[in-house]
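Participant: One structure follows; several queries about it will come next.
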Amino acid sequence: MGKCLLLPLLLVVLSSLLGFPQALECFQCQRVSASGVCESGKSFCQTQGSQQCFLRKVYEGDTVSYGHQGCSSLCVPMKFFRPNVTVDFRCCHDSPFCNKF
């Protein structure tokens, strides 16, 4: 049984050493409430290719209003500012479910 587990583990280690991207599980939700509860479209996604997990939070003043989580190919961390509204967009690829609200 130990030999059966050794081959998949060896393949994972070799692929990470050679730079092949590993699929990453991310939280996915179309609308996360200010308290962190998914209100619409709760599921998980798995990154493919150069995708990363993302988390977008929308603030009104200094208070979180709502958010959005998922997988994205276009993932550039940034902040947008408008009068009384801030949108914070963050990306991660360091660990599974790194886009927790």
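Every residue gets a Cβ built from N, Cα and C, even glycine.
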Participant: Can you sort out which of Cys45, Cys91, Cys92, Cys98 is the disulfide partner Swiss-Prot gives for Cys71?
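Facilitator: According to the record, the bonded cysteine is Cys45.
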Participant: For Cys91, what is the disulfide-bonded cysteine listed in Swiss-Prot, choosing from Cys53, Cys75?
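Facilitator: The record-listed partner cysteine is Cys75.
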Participant: On a count of neighbouring CB atoms within 10 A, which of the disulfide-bonded residues Cys38, Cys53, Cys75 is highest?
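Facilitator: Most Cβ neighbours within 10 Å: Cys53.
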Participant: In sequence order, which same-chain residues at least six apart have a C-beta under 8 angstroms from Cys29 (disulfide bond)?
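Facilitator: The answer is Cys38, Glu39, Ser40, Gly41, Lys42, Ser43, Gly67, His68, Gln69, Gly70, Phe101.
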